[in-house]
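Take a look at the structure below.
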Amino acid sequence: MAAIAAKPRFSFRAPSVIPGFGLALGFTLTYLGFVVLIPLAALLLRSAGLGWGEFWALASDRRVLSALRLSFGASFVAALINAFFGLLIAWVLVRYRFPGRRAIDAVIDLPFALPTAVAGIALTALYAPNGWIGQAFAGSGFIGQFFGPQGIRIAYTPIGIVIALIFISLPFVVRTVQPVLEEIDSEMEQAAATLGANRFQTIFQVILPSVFPALLTGFALALARSIGEYGSVIFIAGNIPYVSEIAPLLIVIRLEEFNYAGATAVAALMLLLSFAMLLVINLIQAWSRRRYGHGA
Amino acid sequence: MIRQSASAAFLAAAVLWAIPASSQTLLNVSYDPTRELYREFNAAFSAHRQAEGHERVTVRQSHGGSGAQARTVIDGIDADVVTLALEADINAIVEATGKIPENWRTLLPHNSSPYTSTIVFLVRTGNPKGIEDWDDLIRDDVEVITPNPKSSGGARWNYLAAWAYANKAFGNDQEKTREFVRDIYLNVPVLDTAARGATTTFVQRGIGDVLLAWENEAFLAIEELGPDQFEIIVPSVSILAEPPVAVVQANAEAKGTADLARAYLEYLYSPEGQTIAARHYYRPASPELVTDPAELERFPAVELVTIDDEQFGGWARAQPEHFGEGGIFDQIYVPAN
């Protein structure tokens, strides 16, 4: 009887509707192992065959570096833009009632469902210099004419890459922020107002801190999705080495050379960088949760 | 539950996979632009086998980028025959798996290439920039569309054709030849990953003044995308592109289809096979066998350099020298410091 009263050192066996901790954990580990861990381990193992010297030679190659810079840079910009506009869209969808709201709400998810190559081809058709939108930005277009005889080229430049990445990662921000916004009572804003806060203070001291962890999660998801994106980007990027060549394309090129080790080295590098970045974002999240006491 | 249904699905797939192997089935792993060609050829071959009193033959086709297709064979797809864009792709299978005998290139006539092609220019109607030959491609006012030879096997022939022209024009001067080829690639605004993508960029997006393309792809683009919008310019010198075919001996033996696979590839060299190739815009290896001479009229005579020419020294040398990591193509894109 006394054994029951003794508190276990780790609270592993918390009561749960799913029976059998051993079975559940065993299943979790096996499943994760086959689906995620073993493939990733195989990847690292294959690049480990290179040895440190070769690995660093590859990692410090200027072409690899510029491709990584482009992949991470464009993803960062796209995720940042999505964080801002995704929040705006989520706000409008949660707070306002207007005809067609449900339809727009459904449209947000389309980038999830669409094969990315289709997205890439469609975007390229629109933003190419002879496409609907591209024409406006070309030298003779109504926007492009203010930017010199060349206008602004969108397709086949890093700008095009950012647009493709915005497209494919938008739902992540909207869908993570939306439920949190729904939970914020508008009475909280009214309370802030009665306490003398102006609109500015209400936004930055009441609403944003509550949404911030969710927004950060959405940002991290959008970023992670963008970094690995291949299908939609290669059609709009132009793929010129050192200018618009993304890291996933470099991996494919190494594979075309039947250079498996080289391909996995770039992949492992991307994996490490992504992991480090997501870790940092997680730490910020943990900090903001402690700071503001809101869960996400 | 998920695991169970997944393994059930896997089992079903394995069973479905295994059944046809016991009957007369071949798997032809090929590359993208041969889809229509082999669809017609497979039907013809099956009819031919039945006329000879054999069982009906079903040929399954798999298409994709040539290098990617070679990798699926290396990774274990049970192809009976491979019909790819590059000798180097088959050599990669030989080296990685040994499933194809090393002397495969001598096992069938014409270096195991039943049909060939060459690299031509596709320009917009009326040829507004007056592009006639390779040296027009380095002009400042000309934009060239060609896929990346690193990611597209077919595009390697484009590069080598330019190289062959320059090498002849500069009397075997390596330095000038390299500079000429580099100047062409500096005029490339979009480096698509594959040939079809490059064709789309040129035809649909209206980018560039000239598309470097396989002759058969150029004919297809004109036929399907606008007979009055584009025309073909044949340069003074080009390269003989020899897409090779081979039996994947180890696979075919394991499946008991070795004789059938060999008969399949040999039939490509028959009058009917050669005529089908010509109809799909490939230059037949034995034009004298083609039953309908009208199919040959579209192929103009052009001086063709082969990959076995001493300037390239065959794929075994050209591949690492030009397209390997750090090879000449990579050096073309090294930015000036």
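Using N, Cα and C of the backbone, Cβ positions are placed for all residues, glycine too.
These numbers come from a predicted model, not from an experiment.
Listed in TrEMBL:
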| type | residues | note |
| --- | --- | --- |
| DOMAIN | A:68-281 | domain 'ABC transmembrane type-1' |
| TRANSMEM | A:21-45 | transmembrane segment |
| TRANSMEM | A:72-94 | transmembrane segment |
| TRANSMEM | A:106-126 | transmembrane segment |
| TRANSMEM | A:132-148 | transmembrane segment |
| TRANSMEM | A:155-174 | transmembrane segment |
| TRANSMEM | A:203-223 | transmembrane segment |
| TRANSMEM | A:230-253 | transmembrane segment |
| TRANSMEM | A:259-284 | transmembrane segment |
Discussion item. So, taking each listed stretch (A:21-45, A:106-126, A:132-148, A:203-223, A:259-284) in turn and counting its Cβ pairs to the transmembrane segment (A:230-253) that are under 8 angstroms, which one gives the highest count?
Written reply: A:106-126
Discussion item. Counting CB pairs under 8 Å, which listed stretch among A:21-45, A:72-94, A:132-148, A:203-223, A:259-284 touches the transmembrane segment (A:155-174) the most?
Written reply: A:72-94
Worksheet item: Is it true that the transmembrane segment (A:72-94) and the transmembrane segment (A:132-148) have 3 or more Cβ pairs under 8 Å, skipping pairs fewer than 6 apart in sequence?
Response: no
Worksheet item: Is it the case that the transmembrane segment (A:203-223) and the transmembrane segment (A:132-148) have 3 or more CB pairs under 8 Å, with pairs at least 6 apart in sequence?
Response: no
Worksheet item: Mind checking which residues reach the transmembrane segment (A:132-148)? Cβ under 8 Å, same chain, six or more beyond either end.
Response: 126, 154-155
